[in-house]
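Lifted from Swiss-Prot, the feature list:
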ACT_SITE  Asp141  active site, proton acceptor
DOMAIN    20-299  domain 'Protein kinase'
MOD_RES   Thr171  phosphothreonine
MOD_RES   Tyr173  phosphotyrosine
Amino acid sequence: MAEFVRAQIFGTTFEITSRYSDLQPVGMGAFGLVCSARDQLTNQNVAVKKLMKPFSTPVLAKRTYRELKLFKHLRHENVISLSDIFISPLEDIYFVTELLGTDLHRLLTSRPLEKQFIQYFLYQIMRGLKYVHSAGVVHRDLKPSNILVNENCDLKICDFGLARIQDPQMTAYVSTRYYRAPEIMLTWQKYDVEVDIWSAGCIFAEMLEGKPLFPGKDHVNQFSIITELLGTPPDDVINTIASENTLRFVKSLPKRERQPLRNKFKNADDSAIDLLERMLVFDPKKRITATEALAHDYLAPYHDPTDEPVAEEKFDWSFNDADLPVDTWKIMMYSEILDYHNVEGVPQMEDQQFPPQ
C-alpha cells in the first residue's frame, strides 16, 4: 500500500504518494489544481494535477473517465503524456505528467519570436494535430496556454479535457473566444477537426504578430473582427447556420471584402502568408488539413514524412453517450487505473456495452 502525505496548496488539500516531493502550485483550472513536484523515483520534475470532486456528479465522473481514456490512448511526442495516476484515500484522482517549463502564452507575452522558432513551433503543433485527428479526436480548445514548451523548444499539446469525438452533430460552447472557429460561433452544431486548424491559424498569426489576431470582447464583436479581415462568409457557409437568430445577425452585417493578409503581416515571408491564408478559411471543408500543412513550403525545413506518425487505431468513443450512475463510472475508472498499472486479476470493463443493455 502506498504511503500518502498531505500538503495544503491554495487552501486545497493535496494528498499524494510519498514518491512526490517539493509541491509548488503552477496553475488552477475550472476542474483542477496543478502543482510541480519532484519524482523521487526518476529524479525528474513532474506536473501533478488534482481533479476536484471527480465523482460528485455523473457529468464530472464521465469527464474524468474521458480524460484518462484519452491520456492512455494518445501517445505522441507532441502530446502531453501520463507518467502516473493514483487515487488518494479521500478518493481524489491525481494525474501525473511530464513538466515543461513554460507555455506559448507566456512566451508570446514576454518577447517576439524569431522566424525559426515560429516555424518549429507551428511544425510541432501540426505534427501533433495530424496524430490526434487520425485518432478520431478533436481537441476543441487549442490556445497558446494549452501548448507547453521546454527549454529545448520541444512542444506538447495539453489539456484534452474538452476533447470529443469527431461527430457531424457536435454541440457545445467550448474554446477560448480568440481562437474559436467561426463554425462554433455561428452554428453551435456541426464541426469537426477543422476547428483545431482554425485555432492553430490564430496561434500562428499571434506568433507572427506578437498579439492576438481576433481579440473579440464577445461573440458578436469576435465575428465582426473576423469579417473585417476575412470578409463576409460565402453564401454556402451562411446557409449552414442552424440558428435563426444567428442567421439574422450574420445577414445584418455590412458586406465586407477579404483583406490581403500581406497588408497585416508586413514582415512575414510569402510562404507564411500562404499557409496562414489556407488555415483561416470560413468554409471548414476548404481549410488545409494538418497533414497538408506539414507538406507546405513554410514547414519544409522540418517536414519529414517518415517521422510524422498517425494513431495505430481510432479512439473508442462508445462510452461518450452513455448515461450511467456515478458508481458505475467510478468502477470503470478504477478498472482503467488498475489496467494502467498492469495490475492482474481485476474486473475489466472492456466488454461493457454502451449504453448498457
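Each residue, glycine too, has its Cβ placed from N, Cα and C.
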Whole-number mean of pLDDT values that fall within the domain 'Protein kinase' (20-299): 89
Surrounding CB atoms that lie within 10 Å of the CB of Asp141 (active site, proton acceptor), all protein chains: 20
Three-class DSSP secondary structure - Asp141 (active site, proton acceptor): coil
